[in-house]
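Undergrad: Please read through the structure below; I'll follow up with questions.
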Amino acid sequence: MLLQVDASVVAEGVNLVWVLVASFLVFFMHAGFGMLESGQVRSKNVANQLTKNLLTWAVGVVVFFVVGAGVSSLAAALTSGGDPSG
């Protein structure tokens, strides 16, 4: 027996996978840029440079959850007729 799945459920799953893939790509891009920057400084400053890169990533994550999630919810509420749940 074939399972009948609503198209909105499939679209929600695909959307979630895409957001996760894009997030992982940005995370690894940030790590790669940290490696590039650490290769451009003297060996005594590598730990300092990587700490700065880790700090910018951590601040970026917090700011996204504080600001970006609110903007995303507002945009969803405006485009779905006022229902913030979608």
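The backbone N, Cα and C atoms fix where each Cβ goes, glycine too.
Below are the features I grabbed from TrEMBL:
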TRANSMEM  16-33  transmembrane segment
DOMAIN    17-74  domain 'Ammonium transporter AmtB-like'
TRANSMEM  54-78  transmembrane segment
Undergrad: Mind checking which residues of the chain, 6+ beyond the ends of the transmembrane segment (16-33), have their Cβ under 8 Å from one of its Cβ atoms?
TA: 53, 56-57
Undergrad: With DSSP as the yardstick, break the domain 'Ammonium transporter AmtB-like' (17-74) down into helix, strand and coil residue counts.
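TA: Its residues fall into 55 helix, 0 strand, 3 coil.
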Undergrad: Mean pLDDT for the domain 'Ammonium transporter AmtB-like' (17-74), rounded to an integer?
TA: 89
